[in-house]
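Taken straight from Swiss-Prot:
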BINDING   13, 14, 51, 317, 318  Ca(2+) binding site
ACT_SITE  51  active site, nucleophile
MOD_RES   51  3-oxoalanine (Cys)
ACT_SITE  115  active site
């Protein structure tokens, strides 16, 4: 029997479509670029529109409304509390990929962000990982710095503590010199070196970078000083040109216009421009440092002679983060005032441990172009993400695929490659959901042109924002005030930027998709009509 493959699944947090070099970016990502050149780049790979829903789909192969993250735990509203599929953690209706692989003899290792439950019975250790070092909440200071919290602390900061767990042990302190990406790289390397060499492994490396707060080692930030002084629109045009040059988008693609709540670059004061450019410099440094840590893991596997027997998948968990956190009352009524009192967000300090910044909608749309909008939206900018596969046994070297794929395909694909059958509807005496995704084995081996055909229907819903897609046709519903509160229709083959609404000219196609939407709601348990968290 041939040797079973290893698996290395790497997830970036809020990475934009064109951030890395292999996808048109200017940020130094030599290790990811090398993986891409030796593998397959996916230009139509889709996730959920935010972090934890995507992670639940990645590790189960089914929709997040089934897996327990119908909405993010941080966003549970009274109408959703207690509803099936809205538990706020990975529930018992699903079996997790590491549980199945461990049962089949794989060593299951994790270092990184979990975001699928905070309690002991919800941690990575409880869901199949033999060894794990993880950040449990959805974000945290990357250096572990936290000012004293009191009743005035905004909800967003209380909900993102530096809460780490190793295996079953919750950590009270973090080591001197801690930085999230380095710590995750260190731990995964430790687990790989300590593993049983006779068994294959599944290694999961979900970084918490480049999610806010934007923080990175100063020496890397300095490498980007001045790089973004021309502003986000200049970067957007630069990246669009590079995407076309690389063949990642069509040469005549029409990019969706920028939609932003902030002023134009030229209308900002000098200090505002300087601080905004510095935030982008720090963001770039976070991406570069993440890439460096990926390189350490890949180099180790290469030296061990394991790399070519390892299926490597890299992806972002959603589109770039364009939210203006201060604009959401749910995050705390005095967020900026609290940050002013407890952090130093002066120009020269931005990016250090005691700073706390994000980069806003214009930089995000420089990264998601030509797509519409960004994270949290069910438009393409929120759900179409960069992804690449390196596995010499199957993927074509240096190839680019424009075929539709979804994060729900990952679990079926890895199980197929491992020769492990999903248990179906029952596992260990309890009823479970079957995967909704499809294996890529036939696609990657060249037997088929794509994993999905034009009849595949895929749905999305989060925060009241909806989408349903079949083939190249996609219907989108964005509630007021963030959208028109009516269904819009797009032909993505001709209009990937979702600019030309065909709802009036193609009423039959829209009606057909709305019927698919109703079936999707029925199958997955979406609760319709709840107040959207982001606009309450």
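Keep in mind that glycine also has a Cβ here, set from the backbone N, Cα and C atoms.
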Rounded to the nearest Å - Cα separation of residue 318 (Ca(2+) binding site) and residue 115 (active site): 14
Number of Cβ atoms other than its own within 10 Å, given for residue 13 (Ca(2+) binding site): 27
Residue 14 (Ca(2+) binding site) CB neighbourhood, other CB atoms within 10 A: 29
Residue 51 (Ca(2+) binding site): secondary structure state under DSSP, collapsed to three categories: helix
For residue 317 (Ca(2+) binding site), the number of other Cβ atoms found within 10 Å of its own Cβ: 28
Residues within 8 Å of the 13, 14, 51, 317, 318 Cβ centre (excluding the Ca(2+) site residues themselves): 11, 12, 15, 50, 54, 211, 316, 321, 375
Cβ neighbours of residue 51 (Ca(2+) binding site) where a neighbour is any other Cβ within 10 Å: 27
